[in-house]
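A quick write-up on the structure given underneath.
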Amino acid sequence: MFNLNRNKKYLLLIVLLITILLVYFSFQFDNYQQPIGKIVSEEVISTSKQVDEHGNTDNLTEQLLTVELLNSKDKGKHLEILNNYSNSQIKNHVFHKKEIVFLHLSKNNHSLSANIEELKRDSYLIILSAFLISLLILFNGFHGLKILISFLLNASILIFLFLIYRHSNSNLLFLFFLIAIPLLVTLTFLITNGWNTKTKIAIFSTLTGSLLTFSIGYITIACLSHQGLHYEEMELVTRPPHLLFLSSLLIGSVGAVMDVSMTIISSLMELVQIKKELTLKELHTFGKKIGEDIMGPMINIMFFSYLSGSIPLILIFLRNEMSLSYTFSITLSLELARALIGSIGIILAIPVSIWTTSFFLKKGNLL
């Protein structure tokens, strides 16, 4: 199934060695600045039943945990921590013996106390990341590493933008993304494919399709004065919520268009290489056929990926006797808007990719 040549074997061996080292260092607790503890015993002190006004029941449990400090100057000490959790575990978590946790330590009158902040999961994240990288190498070899590099570079640029935004005018986020999008798209295709005709077509097609998609979404929202969009889920954000939403809409549009554009462009370029006598009409026909095949699954993926994150909130609303119309309008209005505009982008990306490919191939006398 996999073509394991020498280069892939070397790359996989390097990934394995780096993973082993990182997992090893993740258990060197003295290297962490934040206090870490290991739960050495657990005991249930009490359990009570709670019923709300809507008849929903939940069991509340109080745990007594004994935690051994694994780092800090108080390393080796045992502390007792009370932990309260419910069966639903919406706001809290049940802890078990032998689990390793991050702690917050405090001293009052020379008495040391602690609170559990969260489970220590970094070693699992390292293993999961290594598994992802290994799959990229197995399927794509060095090209898989290029994909990883482009992802890390784009993530670094986005993090840098957010860091700048923290100390800038609250209205500049959308402008930052507007400037960054062409850079992100260009870097992604340039690193993964190199500078060639296919890259030029993909960049132009993605940016054109994204601009058209976002323009349609922006004009529609502006004409309706944001009616039907509920920004309540952003109520804790101290920045203008509509600008945050438009920024996320821009990113989502690019993601939807980029995927479809690259699929169609790669297929058409491969077809031109195989079938030398291809006419412009045949190219358009093949492009439309490819678009028809991928349009349905891509739109479904778009809706599922956006709406899946709202499922827990929907269930909470419904369990508290909220009506379906109110629940969906509050929890899904923004996600549905993103999904609808992203779906428009998927549809528009098909003709844009076909026309752009035809134009560049004719210009280069490849058709």
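From the backbone N, Cα and C atoms, a Cβ is placed for every residue, glycine too.
Model, not experiment: these values are computed from the prediction.
If you look up TrEMBL, you'll see 12-29, 123-141, 147-165, 172-195, 201-224, 244-274, 294-318, 339-361 marked as transmembrane segment.
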Worksheet item: What parts of the chain pack near the transmembrane segment (172-195), using Cβ distances under 8 Å and only residues at least 6 beyond its ends?
Response: 143, 146-147, 149-150, 153-154, 157-158, 161, 164-165, 202-203, 206-207, 210, 239, 243-244, 246-247, 250-251, 254, 258, 262
Worksheet item: Short question: which residues 6 or more past the ends of the transmembrane segment (123-141) have a Cβ under 8 Å from it?
Response: 2, 4-5, 7-8, 11-12, 15-16, 18-19, 22-23, 26-27, 147-148
Worksheet item: Other than its close neighbours in sequence, what residues sit by the transmembrane segment (339-361), given a CB gap under 8 Å and a spacing of at least six beyond its ends?
Response: 197, 200-201, 204-206, 208-210, 212-214, 216-217, 249, 252-253, 255-257, 260-261, 264-265, 268-269, 272, 280, 283-284, 287-288, 291, 295, 298-299, 302-303, 306-307, 367
Worksheet item: Mind checking which residues reach the transmembrane segment (294-318)? Cβ under 8 Å, same chain, six or more beyond either end.
Response: 90, 233, 252, 256, 259-260, 263-264, 324, 326-328, 330-332, 335-336, 338-339, 342-343, 346-347, 350
